[in-house]
Amino acid sequence: MLCASGGLLAATALPGQPPGRAAAPRCRRRDPPFPGDPELSPDVLLADRIARRSLPAGRRAFLRRGRMPPAVGGGLAASELRARKGKAGPQAGIADRDETPTRNPKRLAQGPGCGGAAGRGALLALVTLLAFATRFHRLDQPPHICWDETHFGKMGSYYINRTFFFDVHPPLGKMLIGLAGYLSGYDGTFLFQKPGDKYEHHSYLGMRGFCACLGSLLIPLAYLTVEELSHSLPAALLTAALLTFDTGCLTLSQYILLDPILMFFIMAAMLSMVRYNSCTDRPFSAPWWFWLSLTGVNLAGALGVKFVGLFIILQVGWNTVSDLWGLLGDLSISLVTVGKHVAARVVCLILLPLALYTAMYAVHFTVLSKSGPGDGFFSSAFQARLSGNNLHNASIPEHLAYGSVITVKNLRMAMGYLHSHQHLYPEGVGARQQQVTTYLHKDFNNLWIIKKHNTVSDPLDPAYPVEFVRHGDIIRLEHRETSRNLHSHYHEAPLTRKHYQVTGYGINGTGDSNDFWRIEVVNRKFGNRIKVLRSRIRFIHLVTGCVLGCSGKALPKWGWEQLEVTCTPYLKDTLNSIWNVEDHINPKLPNISLDVLQPGFPEIFLESHMVMIRGNNGLKPKDNEFTSKPWHWPINYQGLRFSGINDTDFRVYLLGNPVVWWLNLASVALYLLLGGVLAVAMRRGVCLPKELQGLSRVLLQGGGQLLLGWGLHYFPFFLMGRVLYFHHYFPAMLFSSMLTGLLWDSLLRLCAWRLGRGVHAVGILGLLLGTAYSFYLFHPLAYGMVGPLAQDPQSPMAGLRWLESWDF
Amino acid sequence: MWALLKRPVTVTADINVTGLALTAVALLSRLWRLTYPRAVVFDEVYYGQYISFYMKRIFFLDASGPPFGHMLLALGGYLGGFDGNFVWNRIGAEYSSNVPVWSLRLLPALAGAFTVPMAYQIVWELGFTHCAAMGAALLVLIENALITQSRLMLLESALIFFNLLAVLSYLKFSNFQKHRPFSLSWWFWLMLTGVACACAVGIKYMGFFTYLLVLTVASVHAWNLIGDQTLSHVRVFCHLLARAVALLVIPVVMYLLFFYIHLMLLCRSGPHDQIMSSAFQASLEGGLARITQGQPLEVAYGSQITLRNVFGKVMPCWLHSHQSTYPMIYENGRGSSHQQQVTCYPFKDVNNWWIVKDPGRHQLVVSNPPRPVRHGDIVQLVHGMTTRFLNTHDVAAPLSPHSQEVSCYVDYNISMPAQNLWRLDIVNRESDGEIWKTILSEVRLVHVNTSAILKLSGAHLPDWGFRQLEVVGEKPLRGYHESMVWNVEEHRYGQSQEQKERELELHTPTQIDISRNLSFMARFSELQWRMLTVKAEDSEHKYSSTPLDWVTLDTNIAYWLHPKTSAQIHLLGNLVIWASASLATLVYTLLFFWYLLRRRRNIHDLPDDAWLRWVSAGTLCAGGWAVNYLPFFLMEKTLFLYHYLPALTFQILLLPVVLQHISEHLCRSQLQRSLFSALVVAWYSSACHMFNMLRPLTYGDRSLSPSELMALRWKDSWDILIRKY
C-alpha cells in the first residue's frame with residue numbers, strides 16, 4: 001500500500017501543465033489542447049506543486065491549471081467533435097484537421113516519452129502484479145471440484161477427448177479451457193462428476209491458472225479504460241483497487257468457469273473501443289485500424305463465450321452509430337470519406353467478428369468428431385456426422401416407399417421415437433386400445449410400416465413396382481410388432497385434455513377410417529418425395545383434422561413413464577408435431593451411404609444455435625425453488641455457495657465485498673444526481689467556471705459511457721425468463737466499479753477546488769485504504785475458510801454477517 | 001351592465017358539422033343492432049362472469065389486468081339493472097331475459113364510436129389538412145376488426161379510446177403551450193392527459209406502453225423547455241412541476257383509486273378467496289371471516305389451531321396428519337421411519353387441527369389467564385385427533401431426499417427418540433409484535449435438535465399419501481422462502497381435558513364476532529402482487545396466434561356461430577386497410593431516415609415546419625404502433641389477434657399523414673397530384689368494398705351460403721366456419 005500511495009501522490013499531481021505554458025493565453029474551447037501534457041514527469045509537477053504551496057496567490061493559478069487537464073485530455077477527441085458539431089463552421093474544422101498531423105508524431109511517440117512514462121508503466125506494472133498476486137494466491141485450494149467447475153471442467157475434458165456434447169453457451173470459453181488443460185498436461189481423464197470430488201493426481205492447475213490469469217488481467221484493463229476516459233491516474237487507481245479488493249471478482253476468477261473469460265473479452269472490447277475513440281482525430285492511421293479491429297476481435301470473443309456478450313456488442317454498436325452520426329454531420333468531410341468510415345466499421349465490427357465467430361464453430365465441430373452425451377439433442381441428420389453414433393457410416397434407402405419399415409423421431413430434442421407396445425390404455429383413460437407413446441431409446445417397438453390406406457396387399461411383393469410416398473399422400477402406419485394401425489379419435493388424450501387420444505387399433509392391419517393419415521412435408525426443398533433424415537414431416541389425421549404430436553409429458557406408471565403422444569387440433573407449427581424418418585428398411589430399394597445426407601456447415605451452425613436457444617429457454621425456474629432475482633444483485637443480497645456447507649468443510653462463498661459493492665451502488669445514485677444537475681445546469685446556460693468544464697465533460701461523457709455499460713449489462717436480466725444466478729451481475733459490476741472510480745476522483749477534485757488540494761489526496765487515499773481494509777476483513781470468503789460458521793463467535797467471520805441473508 | 005343593454009346578447013358557436021356527421025355515422029356503425037346476437041360471444045364468457053361478480057359484490061381475482069375495465073363493463077350492467085344472475089359458461093349460450101345486453105354492450109360501443117371523431121381531431125391537431133383528418137376518421141370507421149371488437153362486452157375498444165384520448169389531449173396541451181401556458185384550457189388538457197393515461201393503464205397493463213410514449217414525448221418537450229433561456233428559472237420549475245403532477249402523480253393516484261373502488265365494491269367472499277392470505281380473506285364478508293371472526297387473537301399454550309402455508313402458488317393448504325403411516329420401504333427402495341404421515345392438505349378437515357403445547361407441562365387446555373406464545377419460545381405441536389407430536393428427524397423425506405422427513409412421532413421402541421421440540425420464529429415480528437397472533441403473525445417453526453425448518457416442498461405424495469402435498473424439514477441454507485412460513489387461520493382456546501371431549505370440540509366450528517380490518521394499502525399491495533404473480537396456466541387456444549401473423553392478417557378469430565344457420569361473427573380486419581397501413585409505416589420509416597440523413601448533410605428537402613409536423617406525426621403514430629406492437633415479441637403468454645388492435649389504430653392514423661405528405665411533397669406537378677388523388681379515391685373505394693364484403697362476418701346478421709363463405713376465405717389460414725349438412 002505504501003508504494004501505491006506514493007504513486008498516488010505523484011499521480012494526483014500528474015495531470016498538470018508545464019509551467020512554461022502557464023502564461024499562454026487561456027485557450028478557447030475548440031482550440032487544440034496542449035500537446036505536451038502527457039509528457040510531464042510527476043517529479044516536475046510535484047516540485048512545481050511544492051514550490052507553489054508557499055505562494056497563496058499562486059494557489060489559484062495552480063488550481064486552475066491543475067484542474068484544467070482532464071478537460072483538455074478527456075476532450076482531446078471530444079473537443080474536436082464539439083467544434084465540428086457546433087456552429088464553429090467549416091473553418092474551425094479545417095483548422096483542427098490541419099493541426100492534427102503536427103500533433104500526431106508526438107502522440108504516436110507517446111505517450112509520455114520519458115519519466116512520466118516510466119512512472120505510469122511502473123504503476124501499471126504494480127497494479128497488474130497485485131492483481132496477479134491476489135488471484136494466484138492459494139489457487140490450488142480447495143483441491144476438489146467447486147460449483148460449476150463440474151460442468152466447464154467436464155466440457156474442457158470433452159474437447160481433449162474429442163467427444164461431442166451439448167451446452168447452452170457458445171463454444172469459445174470451453175475450448176479455451178480445454179486448450180489450457182491440454183497445454184498444461186491434463187489428459188482429460190478426470191470425470192468431473194459432482195462438486196466436492198477430489199482432483200487427486202489430475203492436473204487441474206493449468207485450467208484454473210488460465211482462468212485466474214484472465215481474471216487478473218481484468219484489473220489492468222479496467223485501469224487503462226478509466227485512465228483513458230478520465231485522464232486521471234487516481235481514478236484509474238481507485239478502480240483497480242475496487243476490483244482487486246473485491247472478494248466476488250476474486251472468487252469468480254479462481255475457478256474453472258466461463259465468467260473470467262467472458263469478462264476478459266468484455267473489458268478488452270471496452271478498452272479497445274475507448275482507445276479507438278481517442279484515435280478519431282487520426283482516422284485510418286495504423287493505431288486507429290488496430291484498435292478498431294481489436295474491438296471487433298474482442299466482440300467475437302465475448303459473444304463466443306456466452307450470449308451475454310451481446311450487451312457489449314450493443315454498447316459498441318451505440319458508440320459506433322453516434323460516432324458515424326457525428327461524421328455525417330461534419331460537412332467538411334466528403335460523402336466518400338463518410339462511406340469509407342462506414343465500410344471500415346462494417347468490416348471491422350460486423351464482418352470480422354462474424355467470421356471469427358463462425359470459425360469458432362468450425363473448430364468446435366471439427367474437434368468434436370466422436371459421438372458423446374450431446375448426440376440426443378440434435379437431429380438425426382446431425383448425428384450421422386459423429387463417429388461412434390449408429391447413424392455414422394450407415395447406409396439406408398434414400399426415399400420412403402410403400403412397404404418401408406421406418407422409425408419416426410420427433411424433431412424436438414429429447415422427445416424420442418414414435419412407439420407402441422402390447423399394453424392397453426387403462427380403464428377410464430379414453431378408449432381401451434393399445435398405447436402409443438414416444439420412447440427415447442432404440443427398440444423394436446419403434447418400427448412402423450408405411451402402407452397405402454386403401455389396399456391390404458403387401459407392397460413388398462416383388463410383383464408390384466416400387467411406389468414412393470409423396471407429400472400429401474394418405475397413408476396408414478402399421479406397428480410392425482403388433483400389426484396395429486396408428487389411430488386417433490374424438491377421445492381426450494390421457495394428460496393433455498384438449499387434445500385427442502392416439503392409439504393402436506385394428507387386427508393384422510385392418511382397422512377403420514380413423515387410421516388414415518395425410519403425410520405432409522414441411523420443408524419441401526427436397527421435392528415431394530420423403531427423404532430419410534432430412535424431410536420434416538407432419539401426420540394429419542384425416543377424419544378429425546388434427547396433427548400427430550408429442551406433448552412432452554410423461555405418462556404415469558401404466559404408460560411406463562414414456563411420453564404422451566396426442567393428436568392436437570391446433571394446427572400450429574411447433575416442433576412437437578414435426579417428425580423425421582430415421583431408420584429405414586426397404587429391400588426393394590438400393591441403399592445409399594448416409595454421408596450424402598450429412599448437413600453442410602451452415603446447416604449445423606444454424607441447428608446448433610436453435611438447440612442452444614431452446615436449451616436456454618428451457619432453463620426455467622421451478623415454482624418452489626429459491627431463485628436469485630436481479631434486484632438482489634447490486635445490493636449484494638445473497639451470495640452463492642461455491643464449496644462446503646458444514647463447519648468442517650473447506651468453505652468458499654461467492655459474495656461481493658460489501659464495502660465495494662455498496663460504495664458502487666451509492667455511486668450510481670450519486671452519479672445520476674450529479675450528472676442530472678450538471679446536465680440541467682448546462683442546459684440552462686449556467687456558465688461553469690473553466691475548472692469545472694473539464695470535470696463535467698469527463699463526468700458526462702466518460703461516466704455516461706460507463707453508466708450505459710452498467711445498464712446494458714444489468715437491466716436486460718429483468719426481462720429474462722430463465723434461471724438467473726448472482727454471478728450474472730459481475731460484468732455489470734465491473735462497469736459500476738469503473739464508474740465509481742471516475743466519479744469519486746471527479747468529486748474529490750470538485751471538493752479540492754473549493755476546499756484545498758489536500759482533500760483530493762486524502763480522499764483517494766482514504767478510499768484506497770478503506771477498500772483494502774475491508775478486503776482484509778472479508779478475504780476468507782474467497783480464499784476459503786474452515787472452522788465454525790459465522791454465527792459462532794470463534795469464527796474468523798464472526799460479526800461480519802452484516803445481512804441475515806448471507807449464509808457463510 | 002351597460003354592455004348588455006347596448007348590444008344584443010349573442011351566442012356564437014362553431015360547430016364542426018363534419019365532426020358531428022362522423023360521430024353520427026360512427027355511432028350508427030357501432031350501435032346498429034347492438035343486442036344481436038342475443039347470445040354469449042367469445043370472451044364475453046370471460047368478462048361476463050366478472051360483471052356478475054360485481055353485481056353480486058363478490059370478491060374475485062383476475063390476473064389479466066387492473067380492475068378499471070371490468071368496472072366499466074359492470075357500470076353498464078348496473079345502469080341496465082343487471083342482477084348478475086347468469087351462468088357464464090359457454091360461448092353461444094342464449095342470454096336470459098334478465099341480462100340487459102344493450103346496456104352491457106353500450107359502453108364499449110360508445111368508446112369504439114368516439115374513436116372515429118378522435119382520429120379526426122388527432123390528425124388535425126398534428127397540423128395536417130382537414131382532408132387528411134377526414135381520411136383518418138373514415139378509415140377507422142370502416143375497419144371491420146375495430147367494429148367487431150367494440151360491439152361486444154370486451155375491453156379493447158375502451159383501451160383504444162383512452163389511448164387516443166391521452167394522445168389527443170397531450171397534443172391539445174402542447175398546442176396551448178405555444179401561446180397560452182397556464183391558461184385554464186392548458187391545465188384542463190394537461191390533467192386530462194394524465195387521467196386518460198391512468199384509465200388506459202387501468203383497463204389493461206398494455207395501456208402502460210402508450211403512457212410511456214406520452215411520458216417520453218413530454219420529457220423531450222420538457223428538456224427543450226429547460227433549454228429555453230428566455231424563460232426564468234422559476235417559470236421553468238413551475239412548468240416541470242405541473243407536468244410532474246399531471247403525468248406522474250395523477251396517474252398513480254387514479255390507479256390506486258381504481259383499486260380502492262374495486263375493493264370497496266367487492267366486499268363478499270367468493271371462489272377466488274383461497275389464493276389470498278388469511279388476513280385478506282378475513283376482511284371479506286362471509287367465507288373465512290365468518291369462521292374466524294371472534295377468534296381469540298393471541299395464540300396461547302393449549303390453543304387449538306390450523307396452520308396454513310403462506311406460499312399460495314401451488315395451492316392453499318393446511319398442515320395435516322392422519323392415522324396412516326409412511327410406507328416402510330418406498331418404491332425406489334429407500335426406507336422411511338414408518339411413523340405417522342404429516343402432509344399439507346388443500347381442504348378444510350378436522351385432521352388439520354393442532355394443539356400448541358408447553359413442553360414443560362402436560363396440560364392440553366388453556367390456563368386462566370391464557371399464557372400467550374412469544375417469538376423464540378419452544379413449543380410442541382400435538383395433532384388434535386391422534387394426540388401425536390409433530391416430529392422431524394434425520395431420515396430422508398419421501399420425495400425430497402435432501403430434506404428431512406416430518407412425521408407424527410410413534411414410539412416403536414427402536415432407539416429412535418422423539419425429537420418434537422420446535423422453536424417459534426415470527427417472521428414479521430417488527431410489524432406485528434412478538435406475540436404469536438392468529439392470521440396476522442407469519443411464523444416459521446424451527447426444529448430445535450436439527451435446526452430444520454418446517455416447509456412445504458410442493459410435491460404430491462403418491463397414492464399411499466392420498467396425493468396430499470409433501471411437508472419436509474429443510475435446513476435453512478438458502479434463505480427465506482414463503483413455503484417455509486405458516487400462519488394460524490382458525491383458532492380457539494381448548495377447554496377439554498379428555499380426548500373424547502376434545503375430539504367433539506374439534507368438530508364444532510369456531511364462532512364469535514370481531515372484524516379485523518386490513519388497511520387499504522395492505523390489501524392493495526397484496527392484491528396487486530397476487531395479480532402479477534399468479535401463473536396463468538399455459539393454455540393453448542385454437543385461435544391463438546403470434547405477433548408475426550398480425551401484420552399481414554394471417555389469422556382470425558371465430559367469435560360466434562348462429563346455432564342453426566351459418567351466420568357468424570369473426571374478428572377479421574379490413575385487409576385493404578391493414579395492408580396499406582403496414583405499407584405506410586414502411587414508407588414513413590424509409591422516408592424519415594432518408595430525410596434525416598440528408599438533413600444531417602444540410603440538405604433540407606422539407607421546410608422546417610413541415611419537417612416538424614412530419615416528425616411529431618411519426619413519433620405519435622408510428623411510435624404508438626411500435627410501442628403497442630413490439631413488446632409482444634417478448635411476451636410468453638397466449639396471444640390473440642385482438643392484442644394488435646391498439647397498435648393498428650395508431651398505424652391507421654399514420655396512413656393519411658403519409659398520403660398527404662406524398663401528395664404535397666413528392667408529387668411534383670399538378671397533374672401528378674390529381675392523378676394521385678384519383679388513386680387515393682380508388683383505393684378508398686376498394687377499402688369500402690372490402691368492408692362491405694366482410695360486413696356479414698362483422699355483424700353476423702346474414703347467413704351466407706357455403707360457396708359465399710368459401711369465396712370470403714381469402715387466405716388459407718383464415719378459419720371460416722362452414723356447416724356440413
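Cβ from N, Cα, C; glycine included.
Record features, source TrEMBL:
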- B:296-359: domain 'MIR' (DOMAIN)
- B:370-427: domain 'MIR' (DOMAIN)
- B:433-491: domain 'MIR' (DOMAIN)
- B:15-32: transmembrane segment (TRANSMEM)
- B:58-79: transmembrane segment (TRANSMEM)
- B:99-120: transmembrane segment (TRANSMEM)
- B:127-147: transmembrane segment (TRANSMEM)
- B:153-171: transmembrane segment (TRANSMEM)
- B:183-203: transmembrane segment (TRANSMEM)
- B:209-226: transmembrane segment (TRANSMEM)
- B:238-261: transmembrane segment (TRANSMEM)
- B:575-598: transmembrane segment (TRANSMEM)
- B:610-634: transmembrane segment (TRANSMEM)
- B:640-662: transmembrane segment (TRANSMEM)
- B:674-694: transmembrane segment (TRANSMEM)
Query: With pairs closer than 6 in sequence left out, are the transmembrane segment (B:153-171) and the transmembrane segment (B:674-694) joined by 3 or more CB pairs under 8 Å?
result: no
- line: For the transmembrane segment (B:575-598), out of B:15-32, B:99-120, B:153-171, B:209-226, B:640-662, most C-beta pairs under 8 A are with B:640-662
Statement: Spatial neighbours of the transmembrane segment (B:238-261) not adjacent in sequence (6+ beyond its ends, CB under 8 Å) are 66-68, 71, 181-182, 187, 190-191, 193-195, 197-199, 201-202, 211, 214-215, 218, 222, 225-226, 231, 520, 524, 527-528
Message: Just to confirm my parser: what is the rounded mean pLDDT across the domain 'MIR' (B:433-491)?
response: 82
Message: Need a quick answer: max count of Cβ pairs under 8 Å to the transmembrane segment (B:153-171), which of B:99-120, B:610-634, B:640-662 is it?
response: B:99-120
- prompt: Would you list the DSSP helix, strand and coil counts for the residues of the domain 'MIR' (B:433-491)?
  reply: 6 helix, 27 strand, 26 coil
Message: I'd like to know if the transmembrane segment (B:610-634) touches the transmembrane segment (B:127-147) in this structure, counting it as a touch only when three or more C-beta pairs sit under 8 Å and are separated by 6 or more positions.
response: yes
- prompt: Any residues 6+ beyond the ends of the transmembrane segment (B:209-226) with a Cβ under 8 Å from its own?
  reply: 163, 166-167, 170, 174, 177, 193, 197, 200-201, 236, 239-240, 243, 247, 251, 619-620, 623-624, 627-628, 631, 646
Residue counts (helix, strand, coil, in that order) that DSSP gives for the domain 'MIR' (B:296-359): 3 helix, 30 strand, 31 coil
Query: Can you tell me how the residues of the domain 'MIR' (B:370-427) break down into helix, strand and coil by DSSP?
result: 0 helix, 26 strand, 32 coil
